[in-house]
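Undergrad: Got a structure for you, written out below as structure tokens; questions coming shortly.
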Amino acid sequence: MSYAQIATLSPEYGLYSSFVGVLLYCVFATSKDVSIGPVAVMSLTVSQIIKHVDDAYPGRWEGPQIATTVAFIAGFIVLGIGLLRLGWLVEFIPAPAVSAFMTGSAISIVSGQVPGLMGISGFDTRAATYEVIINTLKGLPRTKLDAAWGLSGLIALYIIRFSCDRLAKRFPRRARILFFVSVFRNVFVILVLTVAAWLYTRHRQSASGSYPIKILKDVPGGLRHVGQPVIDPKLVAALAGQLPIAVIILLLEHIAIAKSFGRLNGYKINPNQELIAIGVTNTVGSCFAAYPATGSFSRSALQSKSGVKTPAGGIVTAAVVIVALYGVTPAFYWIPTAGLSAVIIHAVADLVASPKQIYSYWCVSPMEFIIWLAAVIITIFSSIENGIYASICASLVLLLIRVAHPRGYFLGKVTVHDGASEDKDAREVFVPLTKDGVTNPQVKVVPPSPGIIIYRFEESYLYPNCAQLDSALVDYVKENTRRGKDMSAVKHKDRAWNDPGPRQGANAEYEANSNLPLLRAVVLDFSGISQIDTTAVQSLIDTRNEIERWADRSVEFHFATILSPWIRRALVAGGFGVGSPSFKVPQEIAVVVPYRDGQRDRNISESCDERPKDIESGHWKHLARPSTQEVPAGFASLLPVETPFFHFDLAAAVRAAEDAAS
């Protein structure tokens, strides 16, 4: 009933949603603990949707019809997402984004309930949060008698809660009993406030029918609106812009709660099945005049602590609600609305992220902390809708930036011993040559053999990041290896148009360059790469060509720890791994505008046609000496022998490169 008050609906609609939610969810659920029903954030969203439609079409549709239509359409969309097995889409929204809109929504709800708690009226409590806070502060002199019920109820709720928590720590054996005492604090406080309101107001009704404090008054009993929902196409069109936010909240809040209790109690949920359950619950619930319902954290926590073993526990909850609908509604007449506001504030305040949780975001990922903070601020100064969209969009942009700007490391060797003294178990590990903040900076990293470069990728090798990674590799090659051809004697007319020729100090530069080793092999560590695409393979081909032009010779490319057969296939298609000389490998694999006149470069189809012949003829054997040794009887090659430049681990790749360069 309190959440229905947030949604600006009559109290009975909250009971309808509670009854239908728990009754239907238990049939389709994969979580034994989750309890479906009205929740604070969804209720606030429904109130904003009702306000939006009412502002655009004043008086055309009643609030309950709007809320029921939202439940039907949003439930149908979620049901479709579940049936199509698209639940993985939820994984694109990270935890800080969910926490941000939950925190912002909680602050909005609390600020909107404080006027009811204090009996202050005269302004729109569904406006932007900052406006509600300002108007509430301005209206404090207009505080009414309702504050006596509201403040006393809120204080009592927190006293009971903290007392039970402290006693549970002091008397662990009584912790379970104290938990249930704490859980029933809402019922206890509402009962006391209702009795107090009845004793005070029963003889103080004015001639107009009003009372000194606001009370709930009549709550219709029974299921009075059962039937086919009236879905007006014009109303659906008016709701179209608001439906995405309702769907997102239904998805996020429920999946987050279901996963949380699954981790807590040692079982795993099926996200797609959970979405089907939510979709069916809301679609069928619209036939009972229910408004959108999703997983409730507080009710789920109570159900979990009560020791339920199956989702059928929802049937008991549904029975209690239906008894209340048909037998207890007359007693709801005297419930003070300030008391309901106290219950809402007390329940919703727990949704605000704790300082410890916020600090953990900063420690783990400062950028996600900034997104969290920005989303909360946008929610407070604009709306929940804008806050959710901002947090989701910012998170996706951050994901793309991380993919497009990965970090790669050039590696050296460190000998690791098992203990303080050298022993036969010593092994070589490969760590970044530069300080990375992970390895001990006092440990000396030995560069690889002259002419050998080892490069490790830290992200999938895809079109957004391949240019940056390859540029880093080419720049490192030019800075740390000698150019194969002496260009000092080449005339200007014979140079490329973008080669300015020798500059001042060219002699010193030439002497410094002549002391560098010639490049012989590049070893690429693919242990961090799970995906590769056509653009990336083309970029790697271009990189190989540019490196070989710099070295003025063929350069071996060795690949270590390839994780996927599709990556291996893509590299082989690009001419890598098989040892073909550079004049026989494809020069262009990602053809955008093909050559149609004259002699064109060798393409991928030609390479694929001829490569097996080269392999069968043994053409690559002189390029891969370490991989062509006789295999002793009783042993077998771990990797296919037709790809001698693909290695099981980085150490094997480096050894092969060093042996070939010697």
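First residue shown is number 1, and so on along the chain.
Glycine is no exception: its Cβ is also placed from the backbone N, Cα and C atoms.
Pulled the feature table from TrEMBL, pasting it below:
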TRANSMEM  66-86  transmembrane segment
TRANSMEM  93-114  transmembrane segment
TRANSMEM  147-164  transmembrane segment
TRANSMEM  176-200  transmembrane segment
TRANSMEM  235-258  transmembrane segment
TRANSMEM  308-326  transmembrane segment
TRANSMEM  359-381  transmembrane segment
TRANSMEM  387-404  transmembrane segment
DOMAIN    442-576  domain 'STAS'
REGION    485-504  region 'Disordered'
COMPBIAS  485-497  compositional bias 'Basic and acidic residues'
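Quick one: where do these features end up spatially?
TA: For the transmembrane segment (147-164), the residues of the chain that approach it from at least six positions outside its boundaries are 116-119, 178-179, 181-182, 185-186, 188-190, 192-193, 196-197, 213, 336, 338-339, 341-343, 345-346, judged by C-beta separation under 8 angstroms.
Within the same chain, residues 149, 152-153, 156-157, 160-161, 164-165, 167-168, 212-213, 215, 302, 305, 331, 334-336, 338-340, 342-343, 346-347 sit at least 6 positions outside the transmembrane segment (176-200) and bring their C-beta atoms closer than 8 Å to a C-beta of that stretch.
Within the chain carrying the transmembrane segment (308-326), a Cβ under 8 angstroms from the stretch's Cβ atoms is held by residues 12, 15, 18-19, 22-23, 25-27, 29, 31-36, 221-223, 299, all 6 or more beyond its ends.
With a threshold of 8 Å between CB atoms, the same-chain residues lying at least 6 positions outside the transmembrane segment (387-404) that come near it are 92-94, 96-97, 100-101, 104-105, 245, 248-249, 367-368, 371-372, 374-376, 378-379, 459-460, 462, 464-465, 468.
On the 0 to 100 pLDDT scale, the model's mean across the domain 'STAS' (442-576) is 85.
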Undergrad: With the transmembrane segment (359-381) as the reference, which stretch in 66-86, 93-114, 235-258 has the largest tally of C-beta pairs below 8 Å?
TA: 93-114
Undergrad: In the same chain, which residue numbers or ranges, 6 or more beyond the ends of the transmembrane segment (235-258), come under 8 angstroms Cβ to Cβ?
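TA: Apart from its flanks, the transmembrane segment (235-258) reaches 30-31, 34, 36, 39, 41-42, 45-46, 48-49, 52-53, 56-57, 61, 65-66, 69-70, 73-75, 77-78, 81, 87, 90, 93, 95, 98, 101-102, 269, 271, 274-275, 278, 282, 292, 294-297, 300, 384-385, 388-389, 392.
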